[in-house]
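Features reported for this protein in TrEMBL:
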type     : residues : note
BINDING  : V187     : FAD binding site
DOMAIN   : 224-238  : domain 'Glucose-methanol-choline oxidoreductase N-terminal'
ACT_SITE : H469     : active site, proton donor
ACT_SITE : H507     : active site, proton acceptor
Amino acid sequence: MEDNLLTDVPALNPFMTLTDWSWNYDTQPTGDTCLGMTHERCPWPSGKGPGGGTILNAMIWTRGNRLDYDAWAKLGNPGWSYDELLPYFTRSENTRIGQLSGSKYHGRSGPLNIEYPPFRTPLSQEYINAGRAFGFREIDYNDPRTHIGFARIQASMKEGERHTAATAFLKPILWRPNLSISLNSQVTKILIEPSTRIAYGVRYINGPKEYEVHARKEVIVAAGAFGSPHLLMNSGIGHAEHLKSVGINPIADLPVGDNLQEHPGRHGLTFLVNKGVSIRLRQILENVVPAAATYLAKSKGILTSLGCEVVSYVRTKYANFTTPSPTVPDIELLFVSSGMNSDNGLLLRKSFGISDELYDYTYKTYNDRDAFMIWPMLLYPRSRGTVRLKDNNPLSKPIIEHGFFKEDIDLKTLVEAIKLAVMLSKTPPLQKFGAQLIKTPFPTCRFIPFGTDDYWECAVRTMSTQFHHQSGTCSMGTVVDERLRVHGILGLRVADCSIMPLIPGAHTQAPAYMIGEKAADLIMEDEFQNNVIR
């Protein structure tokens, strides 16, 4: 799929996950998570088309904490510490935020535009002021010296439009004779010579036809944390016993598909307000012509909104168990200028997979009321999941076991985050708008006293959500080396979020670009040194 005008409109980003621009993965039912989702399966979007996840993500540009990357290096991956990676973060960036113009931590000459979204509601500044009431400062969260506090979102946008990897990196070089892009195609197998274990090409389909393309140097896999392990396993690289069980001959016995990590959270924590200061679907529809005209002519207005307006980084009482440094938060609170009820249940709740029963029981009464949400996101989960093959058909979707809340501390940390979000809503800045938490319980939790820790644990298990930050399934160290070369296979690398040994405390878009920039240097260095055998 190619991106188009619809994918470029920032305000439509939550709904892109319902389209053919997503692979539309989902998770296996567990019986104790995703209980309020349709068929008890959590949907897990993944970008499908040039630009990958950047065609449907929320465009949030965060890097995480410097200690996240220092931990990668300490695991035995030289070259991956924060100081060594900072040039790769900034290389992609063309930061167009005046307040950050003097910062050495932001790039200004890269192809990817980073800016503040032009539109924001009055709620966003008052949420920042609510943080101040608790002693939090307004920060630049991409400055490694200041990672705890509240901030406007830095976003991958250009003049009010989504700026994707395809738009920033591919479109300017489409004229190059050494670049060919095959649209509407899917790779089904990496071609590997079993006796020499040399990767020499790929097999792919386009419509009803199958093709092979051979590599003169290397095969680079960048299909994401679901697609890359799926492709490797279909090609004979993975747990040998698992591959044999689905009829695939193992070539390399590696823990592909293990170590699945994500930032679990709890969407839908909705607060009603008594003034028309939020974003509602009816408000957009009633003004769709002037809104569209403002967007198309001036790249301004409500259609340039991400929905998400502010991020806040905080430490809970459990932080010392996961992030002992006092400079490292364990929770992100994402402020959203609309409620789960703001589109009358038409689209937003479907993008999260929320069942009719849950929506109708908890939210329907409040349809079209002004509201905002605060979404807690666990930055450093202890729990891990897996990706496995369903069968030996390369077109079958993988089996995804998310593993959420296998470790109890993950659940307890999110409960503390929810309680902090509720306290923030009670501060004078947000009480200007009469902020009131929706207290209609989830149907699965209706017999538990509302607002207790037990209730919030039930609520998290009912609306268990993720942030499209899947990572770790072709981990550096166990599956690839520090130069991203697959162990035991010559001429094959992986370069995407699947190589992360530990998920950083960040929305993974900026780290994904960093990995791409770093991989490019590694490939060129090894080619220059003739380390790639052909």
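Even glycines carry a Cβ here, placed using N, Cα and C.
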Fill in the blank from the handout: Using DSSP three-state counts, the residues of the domain 'Glucose-methanol-choline oxidoreductase N-terminal' (224-238) come to 11 helix, 2 strand, 2 coil
Exercise for the section: State the non-local partners of the domain 'Glucose-methanol-choline oxidoreductase N-terminal' (224-238) in its own chain: residues 6+ outside its ends, Cβ under 8 Å from one of its Cβ atoms. Expected result: 23, 25, 44, 46-47, 52-53, 187-192, 194, 248-257, 260, 387-389, 392, 394, 398, 400, 470-474, 479, 486, 489, 494, 496-498
Fill in the blank from the handout: H469 (active site, proton donor), DSSP three-state class -> coil
Handout entry: Rounded distance in angstrom between the Cα atoms of H469 (active site, proton donor) and H507 (active site, proton acceptor)
Key = 7
Handout entry: Surrounding CB atoms that lie within 10 Å of the CB of the residue listed as 'active site, proton acceptor', all protein chains
Key = 26
Practice task
Taking only the Cα atoms, work out how far V187 (FAD binding site) lies from the residue listed as 'active site, proton acceptor', in Å, as a whole number.
Solution key: 27
Fill in the blank from the handout: What DSSP gives for V187 (FAD binding site), in three states, is strand
Handout entry: recorded positions compared (V187, H469) - highest count of Cβ atoms within 10 Å
Key = H469
